[in-house]
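See below for the structure under consideration.
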């Protein structure tokens, strides 16, 4: 039974990721006053499958000077981590109920840095290496903010268990008392997933395509799949942490439906930002984090630690 659940979850995520790619291309098309993909299948609905077929049937070329093992392992590692992160998410019942679910997500998502680092270094290309250095610095930097925001959230929730967040938000969303945290979290997730306006790693005018410049065919597709899977995951986390859905034990499908709608709306916001905003300069990106977000999240963390002590109120203990 657990194997069937795992397969169903994986298949659902991969199908959602495929159609997210199509949706993005459609939205970008309409914002630029054109149609987007509309040839393959009705309204272009079969375009993701045509792309997958094309990429996975092509010969995966490899630079002769590359480090073979790391070059091959990196894309597979990126997608594996992206799928692994879904296991502790309660929708409303998680695949694996972890007491330290938030910590697991934080620790596992930080491993994505290795796939980026290996892919750029193993490619033996200057463009890929510069893209890698940018991506790694950006990802590691914004993880600090995400960790501090999660720490503030679990001080309000009282547990590392993600299922507790559903109980915490029975009466009102955490978005209402902690909207500055939610705003910084959302912007940090944009940076963490290397999305516009923070897509410095894929600065086409400077770096060709970033850390995946030397990749083609299947491995290239795996990187893209990992990126879009991470986008859905980050929005699912945002919906779970700040826009919690009340769970009625008699109708779990209602919880799942509402949770999915919230995730879809947040993902649409990601796509709207992609089609609207220009790319930041690299120094502005780092300035935003180290000079603005970090002091503010630290101040809010101190506030969330000191307030319960001052008022002799403690969060629910599990």
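Keep in mind that glycine also has a Cβ here, set from the backbone N, Cα and C atoms.
The transmembrane segment feature in Swiss-Prot is assigned to 2-22, 69-89, 100-120, 146-166, 171-191, 222-242, 253-273, 294-314; the stated evidence is sequence analysis.
Beyond the ends of the transmembrane segment (294-314), by six or more residues, the same chain brings 144-145, 148-149, 151-152, 155-156, 158, 178, 180-181, 184 to within a C-beta distance below 8 angstroms of the stretch. Sequence-remote contacts of a segment are chain residues at least 6 beyond its ends whose Cβ falls under 8 Å from one of its Cβ atoms, and for the transmembrane segment (146-166) they are 88-90, 92, 94, 97-103, 106, 174, 177-178, 181, 184-185, 188-189, 192, 240-241, 244-247, 255, 294, 297-298, 300-301, 304-305, 308, 314-318. Cβ atoms under 8 Å from those of the transmembrane segment (171-191) belong to residues 138, 141-142, 145-146, 149, 152-153, 156-157, 165, 197-198, 234-235, 237-238, 241-244, 266, 270, 273, 285, 288-289, 293, 296-297, 300 of the same chain, restricted to positions at least 6 beyond its ends.
When Cβ-Cβ distances below 8 Å are used as the criterion, the transmembrane segment (69-89) is approached by residues 9-10, 13, 62-63, 95-98, 101, 104-105, 108-109, 111-112, 114-116, 118-119, 121-123, 162, 215, 218-220, 222-223, 225-226, 229-230, 233, 236-237, 240 of the same chain, each at least six residues removed from its ends.
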